[in-house]
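Please read the structure below before turning to the comments.
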Amino acid sequence: MSPQTETKASVGFKAGVKDYKLTYYTPDYETKDTDILAAFRVTPQPGVPPEEAGAAVAAESSTGTWTTVWTDGLTSLDRYKGRCYGIEPVAGEENQYIAYVAYPLDLFEEGSVTNMFTSIVGNVFGFKALRALRLEDLRIPTSYIKTFQGPPHGIQVERDKLNKYGRPLLGCTIKPKLGLSAKNYGRAVYECLRGGLDFTKDDENVNSQPFMRWRDRFLFCAEAIFKSQAETGEIKGHYLNATAGTCEEMIKRAVFARELGVPIVMHDYLTGGFTANTSLAHYCRDNGLLLHIHRAMHAVIDRQKNHGMHFRVLAKALRLSGGDHIHAGTVVGKLEGEREITLGFVDLLRDDYVEKDRSRGIYFTQDWVSLPGVLPVASGGIHVWHMPALTEIFGDDSVLQFGGGTLGHPWGNAPGAVANRVALEACVQARNEGRDLAREGNEIIREASKWSPELAAACEVWKEIKFEFPAMD
């Protein structure tokens with residue numbers, strides 16, 4: 001061993017393993033406006049103190065590793081390390097805690113959701129000292145938000161493009177989701193748009209399969225859009241799914257959609273990945289395309305109460321990465337969504353400033369500094385009887401999407417669309433007249449059905465349909 005190395009070892013470096021809490025648990029730390037703040041639900045292994053578990057999360061998601069290393073001395077750990085600055089027990093849960101962690105902004109690449117998630121929800125989720133770990137919320141500092149483009153256009157620009165104001169937008173997912181030829185698919189699109197819907201939608205797993213290649217689908221759907229626009233005098237759209245196996249192919253599909261003159265494309269942002277999504281969002285802003293986002297695969301990440309990541313974090317990440325619409329549950333249909341929690345992340349998608357509110361699952365006040373908002377999309381097992389509740393819960397700035405609730409109408413696709421449009425217009429008018437949609441909703445729908453045989457038929461078909469299961473979270 002050289003004399004120089006001996007001197008270094010004697011004054012600073014001590015090999016071995018030490019408790020994380022000695023370095024990464026700092027309860028006296030005062031958070032900075034530039035810190036990214038995280039709230040983790042931590043379930044330690046038996047015998048692991050909560051402070052050690054919280055510190056381990058801070059370490060493993062920032063600068064730490066399992067042992068002391070020489071190169072710690074070559075940088076300033078105090079500047080770059082994550083810090084667990086608070087631990088609180090979860091009410092009603094044994095051996096479960098909320099650990100608050102602050103990350104210095106310099107740990108993250110500007111404008112990269114991919115890099116942010118690689119650190120914060122990376123290897124730490126497989127850490128043996130933890131039985132389970134869930135990221136409940138993030139506070140994104142304004143200085144970091146300003147490095148992102150965000151949604152391609154946002155709510156107001158979309159309304160201006162569509163010339164539609166004062167009501168939720170109506171959509172429909174074309175079913176069956178797989179197996180139709182491009183021409184038959186386009187026919188269903190035309191019938192739904194002609195009947196009164198604003199949008200129709202590719203299902204998330206419609207890409208470019210042998211039974212319907214993407215270019216054929218784009219052509220027939222564009223024809224359906226323009227034909228229905230000419231007949232109704234309204235601007236229409238179909239979410240053309242540009243998701244593909246490579247980013248290059250995805251952009252090629254978006255370019256073709258722009259050349260056809262359609263208003264909107266679609267992306268599966270979790271299966272496609274944040275890098276691909278951000279690239280597509282940039283293309284859409286530069287070329288005047290709206291971007292609809294589907295959250296396929298989200299339940300793999302967010303459904304377990306004790307492990308993974310809450311959807312509100314995925315929603316915040318999407319607003320940074322870019323999207324004009326995103327699916328957000330319904331509260332009332334077949335897909336999970338508890339009302340106050342759902343409205344919490346709906347506000348995080350739409351509003352410019354959201355106050356901390358633990359009753360709605362919001363752990364931090366979030367200032368979006370005028371980043372454009374995202375329209376929440378309610379879809380999954382909804383039909384005309386749900387229209388009053390959906391109108392009340394989601395308000396005007398939303399998309400209400402009825403797949404089976406349109407195409408399952410006994411008289412066909414166009415009458416199904418008519419039924420939904422009449423129900424929506426009736427609910428909006430009743431609300432504007434001061435009526436209570438929550439109490440009078442069924443009566444409002446029945447009154448409207450007297451003047452719309454299409455709505456009356458829909459009411460009869462779905463009068464007994466309910467999806468009643470306990471919520472997971």
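In case you wondered, yes, glycine gets a Cβ from its N, Cα and C as well.
According to Swiss-Prot:
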| type | residues | note |
| --- | --- | --- |
| MOD_RES | Pro3 | N-acetylproline |
| MOD_RES | Lys14 | N6,N6,N6-trimethyllysine |
| BINDING | Asn123, Thr173, Lys177, Arg295, His327, Ser379 | substrate binding site |
| ACT_SITE | Lys175 | active site, proton acceptor |
| MOD_RES | Lys201 | N6-carboxylysine |
| BINDING | Lys201, Asp203, Glu204 | Mg(2+) binding site |
| ACT_SITE | His294 | active site, proton acceptor |
| SITE | Lys334 | site 'Transition state stabilizer' |
Binding-site residues listed as Asn123, Thr173, Ser379, least Cβ neighbours within 10 Å: Asn123
Cα-Cα distance linking His294 (active site, proton acceptor) and His327 (substrate binding site), given in Å to the nearest integer: 6
Surrounding CB atoms that lie within 10 Å of the CB of Asp203 (Mg(2+) binding site), all protein chains: 18
Recorded positions compared (His294, Arg295) - highest count of Cβ atoms within 10 Å: His294
Asn123 (substrate binding site) to Lys201 (N6-carboxylysine) - Cα separation in whole Å: 36
Asp203 (Mg(2+) binding site) and Lys175 (active site, proton acceptor), Cα-Cα, nearest whole angstrom: 8
Other C-beta atoms that fall within 10 angstroms of the C-beta of Glu204 (Mg(2+) binding site): 21
Cβ-centroid neighbourhood (8 Å) of the Mg(2+) site, Lys201, Asp203, Glu204 excluded: Thr173, Ile174, Lys177, Asp202, Asn205, Val206, Tyr239, Asn241, Met266, His294
Spatial neighbours of Lys177 (substrate binding site) among the recorded positions Asp203, Glu204, His294 [C-alpha, 10 Å]: Asp203, Glu204
Collapsed DSSP category at Arg295 (substrate binding site): coil
Winner by Cβ contact number (other Cβ atoms within 10 Å) across the recorded positions Lys177, Lys201: Lys201
Recorded positions near Thr173 (substrate binding site) (Cα-Cα within 10 Å), from Lys201, Asp203, His294: Lys201, Asp203
Greatest C-beta neighbour count within 10 angstroms, which of the recorded positions Lys175, His327: His327
Between His294 (active site, proton acceptor) and Asp203 (Mg(2+) binding site): CA-CA distance (Å): 9
From His294, Arg295, Ser379: recorded positions whose CA lies within 10 A of Glu204 (Mg(2+) binding site): His294, Arg295
